[in-house]
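Heads up, the thing below is written out as structure tokens.
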Amino acid sequence: MEPTSKKLTGRLMLAVGGAVLGSLQFGYNTGVINAPQKVIEEFYNQTWVQRYGEPIPPATLTTLWSLSVAIFSVGGMIGSFSVGLFVNRFGRRNSMLMMNLLAFVSAVLMGFSKLGKSFEMLILGRFIIGVYCGLTTGFVPMYVGEVSPTELRGALGTLHQLGIVVGILIAQVFGLDSIMGNQELWPLLLSVIFIPALLQCILLPFCPESPRFLLINRNEENRAKSVLKKLRGTADVTRDLQEMKEESRQMMREKKVTILELFRSAAYRQPILIAVVLQLSQQLSGINAVFYYSTSIFEKAGVQQPVYATIGSGIVNTAFTVVSLFVVERAGRRTLHLIGLAGMAGCAVLMTIALALLERLPWMSYLSIVAIFGFVAFFEVGPGPIPWFIVAELFSQGPRPAAIAVAGFSNWTSNFIVGMCFQYVEQLCGPYVFIIFTVLLVLFFIFTYFKVPETKGRTFDEIASGFRQGGASQSDKTPEELFHPLGADSQV
């Protein structure tokens, strides 16, 4: 291994930083709708009165608000499933650049919805930015994974999740009543997304196209070699080129991989199952339930200023993503995911106990806060960042876009289900709702322990070869048995 292969060059930092602005958009638009709920509902009511001369019926208001929140995930499902249509035709970088048009259109619709006295404009804007974010959750991990050297792929892949949590935190802070979450400024709160979109439009033209896309998809070896030299900061990129050429030869031996082929072929069935289950482990862990309803959970816990406690959880969220960034290449993906799932299960039990005993023991409110902060911290150790970039690692260049589309669709669909159902399940189960998530977390832990391989320090082709060699006959082996022959020690 050349000593320069671990080098974090300026061009590599620019490429990853430019891409991760899309992740920040995703996080911001996930969190921005919660804080100004009451003032936006008042806008809906005023608009209804102006149109029909009477206050909006409560059931209609609830439906419109639920639609405003949920339509974002519907857009995300459509966007995530469309990833392959763009990245193979236009390239990774150009696809990210083009999609900013959606962000600009959405910003205009939401920003002028109050002036236009139209809640339909706001809902349509939420749908369009949802499509943008769905595409982003495919484009960014794919691009970052393909421009990063093997030894830095996990750490740089974690930056996608860091962008998301920073976006959520910014949305929580901007959404404070004293800043933009008020009657006058909420349209600006929703439309400020044009700023990162504009910044990304400025930066991306200076970022290189994915060298893997150039060599394997376009057969432009000279361009790929030139890009690699800039990304790696060295003239000797022989190892990277050889690895890509081997992957290209393997891809030529395979027929074109469609989404259906991922499930039909024995070589892809296990990795696509792993990819989907890891995405489900992120969304069905209960983290979105905590974020969607954190303010009301803190209120039930007796916290005097719940909105600031929610921001506190956002800070914890960000801090532990940074921790994951520094340890993912040392501890490995699988280990961190297992630690995160186990820790979240323990915190979910604590949260259940605290909420159940709150009326009899007021000091349990403090335990609930500790449990929520712990839950968020363990999420960012593993289940937060790892499912995003490990999908790109599990597949070679050919099936990667289709696999990322399926995984992203699974993520957004489960996100939508949790967002729509949690409130009703919480009303039914009361403080015991997090027991459901505890059971799911334990099941995901068992699956990860027995089925998920360690990808740390391995090239894309080595990981894919492990599945090809193993096939269906290897599916019952432990991750250590499955990947032991690959000689990963030489890569670390």
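Placement of Cβ uses the backbone N, Cα and C atoms for every residue, glycine included.
Relative to the membrane, GLY145 and ARG334 are recorded by Swiss-Prot on the same side. Record check, Swiss-Prot: D-glucose site residues include GLN161, GLN282, GLN283, ASN288, GLU380, TRP388, and the candidate from ASN217, ASN317 also listed there is ASN317. Excluding GLN161, GLN282, GLN283, ASN288, ASN317, GLU380, TRP388 themselves, the residues of that chain whose CB lies within 8 A of the CB mean position for the D-glucose site are, in sequence, ILE164, VAL165, ILE287, PHE379, PRO383, GLY384, PRO385, PRO387. Counted within 10 Å of its Cβ, the other Cβ atoms near ASN288 (D-glucose binding site) come to 20, all protein chains included. Within 10 Å of the C-beta of GLN282 (D-glucose binding site) there are 25 other C-beta atoms, taking all protein chains into account. In sequence order, THR137, PRO141, GLY157, HIS160, GLN161 are the residues near TRP388 (D-glucose binding site), counting only same-chain partners six or more apart with C-beta under 8 A. Taking Cβ-Cβ distances under 8 Å and a sequence separation of 6 or more, the neighbours of ASN317 (D-glucose binding site) in its chain are VAL165, ILE168, LEU169, VAL376, ALA377, PHE379, GLU380, GLY384.
Secondary structure at ASN288 (D-glucose binding site), taken from DSSP and collapsed to helix, strand or coil, is helix.
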